[in-house]
Amino acid sequence: MKTFTLSFLLSLLAAVFCMPVSQPTQQDEKFAENYLKRFFNLTEERGPTFRSGISSVSKKLMEMQKFFGLQITGNLDADTLAMMKKPRCGVPDVDVSRFSTFGNNLKWDKNDLTYRIENYTPDMSAAEVDESIEKALQVWAKVTPLRFTRIYSGIADIMISFGRGGDI
């Protein structure tokens, strides 16, 4: 009888702790897909693709989970969904390596670089912008062989301009 009672209690305990975790709804999955498209550059898979065993959605979920310091599972779990539902500014969380602006050439072929400020933000005075940019470039100059010279017309190596980001 003791064996039966012990077995019954262990079975009951196992059943309680093995209850299935709630699965994301179809609405949650659609929300997550749209979120990943907007903020993590998820693209539609078109035509035949070679699968590495992990879907593009799972890869983007892992990227997002890593970005936010969540447990990396590649699954739409409660913590991941909660993070997705937090308010945000609307700017995508893209990795710089995704930009094609620079191509594969991420290193200057010279050390003396010019910069030009094309326009100013209405949020700061021109003097504040000038000083801030100069200070930022000096940070780089102190730890690299790069030297920066401001020009006021023509095409510079670094063209600086301000505009609306679309998230306001």
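Each position is counted from 1, following the chain as shown.
Each residue, glycine too, has its Cβ placed from N, Cα and C.
Keep in mind that TrEMBL annotations are predicted by a computer and have not been checked by a curator.
The feature motif 'Cysteine switch', as given by TrEMBL for the ranges 55-62, 87-94, 95-102, sits at 87-94.
Looking at D157 (Ca(2+) 2 binding site) and D123 (Ca(2+) 1 binding site), their Cα atoms lie 25 Å from each other.
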